[in-house]
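Report on the following structure.
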Amino acid sequence: MIISAASDYRAAAQRILPPFLFHYMDGGAYSEYTLRRNVEDLSEVALRQRILKNMSDLSLETTLFNEKLSMPVALAPVGLCGMYARRGEVQAAKAADAHGIPFTLSTVSVCPIEEVAPAIKRPMWFQLYVLRDRGFMRNALERAKAAGCSTLVFTVDMPTPGARYRDAHSGMSGPNAAMRRYLQAVTHPQWAWDVGLNGRPHDLGNISAYLGKPTGLEDYIGWLGNNFDPSISWKDLEWIRDFWDGPMVIKGILDPEDARDAVRFGADGIVVSNHGGRQLDGVLSSARALPAIADAVKGDIAILADSGIRNGLDVVRMIALGADTVLLGRAFLYALATAGQAGVANLLNLIEKEMKVAMTLTGAKSISEITQDSLVQELSKAPAAALAPMAKGNAA
């Protein structure tokens, strides 16, 4: 298959992966309305073409948390990367490192912190969930610090897991799930050889190091399901702020008031995110939520954004809507599943080229010059208008 655009990796990954894995990464919560709107709303943001601007000295470089980035992109924390390619977290981290951008290791990674961190030169970021077992959280933070992780990404939009109906149909969960997964694996030989046989151990490395090695995937799912904490509040985060002395980013912000609370709390950054449409279906897409949040806290805190970003044009759109940097999730996972480290490296090259074209044709020589002026104003203002209170006479 010819890979000429980032979108080509999705089709390639679907051919290679057993259905339970493809649909686990590709699916969302409930009817997947927000999952679809993430992509569609962002694609409808119109760029403003400008010409004859002498763009010969264009630069994508930026700085975030005192780290130099080759472009305003980081790889998002994505669970189970090691089930999509052999030791997948290591391969993705190496690709990000070679491109000069951060890699974020998920709490629920297959490869543990101690395996991934030594494989790259720049410090990686680490993502942590709020869990009832504070002992695990402290253990994970201590290990992340010992491994030299520079930035903590704290995911707060998962006090309880979202209902992902696709998983029951695909075999990730539901009746006879283990047998269905086995049958799918043996009928996908490329994956079975690369990951099924040669990518072991298939456990959640950061958790097994704390609990010991559970007997199967269901044991991890059960432990995690029992440990998500719906009682969490800002007060519960204070001990983490005291314990972690590096940059701390709050992931899962969709409301301007929550963004202001993050500033008051003392966070260094936020991620405008709906968890890729995997938590609460029907919430705003990140593209629609971002402008109002930027209006509220831009300049007071670093603003990152994810959900729906599939190519370099989308990166430019998110920056113009108010983000300082974006996180890539599904986009890099499709590439990882298709061709491992080389796939992610090629994806990042494609995104960089697409960004350069978009910046050249919108007249933005640097990341700081990508602003609302880079957008067609009537359309770029539309997402923020979605947050305005509905007039009583227009209620439906």
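Cβ coordinates are placed from backbone N, Cα and C, and glycine is handled just like the others.
Taken from Swiss-Prot, the feature domain 'FMN hydroxy acid dehydrogenase' applies to 1-380. The substrate binding site annotation in Swiss-Prot covers Tyr24, Tyr129, Arg164, Arg278. The FMN binding site annotation in Swiss-Prot covers Ser106, Gln127, Thr155, Lys251, 306-330 and is backed by sequence analysis. The active site, proton acceptor feature in Swiss-Prot is assigned to His275; the stated evidence is sequence analysis.
Annotated features, which come from Swiss-Prot, shown on the structure.
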{"residue": "Tyr24", "record": "substrate binding site", "contacts (Cβ under 8 Å, 6+ apart)": "Leu80, Arg164, Arg166, Asp167, Ser170, Met172"}
{"residue": "Tyr129", "record": "substrate binding site", "contacts (Cβ under 8 Å, 6+ apart)": "Thr107, Val108, Thr155, Met158, Phe228"}
{"residue": "His275", "record": "active site, proton acceptor", "contacts (Cβ under 8 Å, 6+ apart)": "Thr155, Asp157, Met158, Gly162, Gly252, Ser307"}
{"residue": "Arg278", "record": "substrate binding site", "contacts (Cβ under 8 Å, 6+ apart)": "Gly27, Gly28, Ala29, Leu35, Gly162, Arg164"}
{"residue": "Asp306", "record": "FMN binding site", "contacts (Cβ under 8 Å, 6+ apart)": "Ala76, Val271, Val272, Ser273, Gly276, Ser286, Val326, Leu327, Leu328, Gly329"}
{"residue": "Asp314", "record": "FMN binding site", "contacts (Cβ under 8 Å, 6+ apart)": "Leu42, Ser43, Gly308, Val326"}
{"residue": "Met318", "record": "FMN binding site", "contacts (Cβ under 8 Å, 6+ apart)": "Leu42, Ser286, Ala287, Leu290, Ala305, Ile309, Val326"}
{"residue": "Arg330", "record": "FMN binding site", "contacts (Cβ under 8 Å, 6+ apart)": "Arg10, Met25, Asp26, Val78, Gly276, Arg310"}
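Here substrate is bound by Tyr24, Tyr129, Arg164, Arg278 per the record. The longest Cα to Cα distance in that group is 19 Å. Residue density at Arg164 (substrate binding site): 21 other Cβ atoms are found within 10 A of its Cβ, drawing on all protein chains shown.
Secondary structure at Met318 (FMN binding site), as computed by DSSP, is helix. Most Cβ neighbours within 10 Å, among the binding-site residues Ser106, Arg310, Gly322, Val326: Val326 holds that distinction in the structure as shown. The secondary structure of the residue listed as 'active site, proton acceptor', as reduced to three states from DSSP, is helical.
Under DSSP, Tyr24 (substrate binding site) is assigned to a helix (H, G or I) in the three-state scheme.
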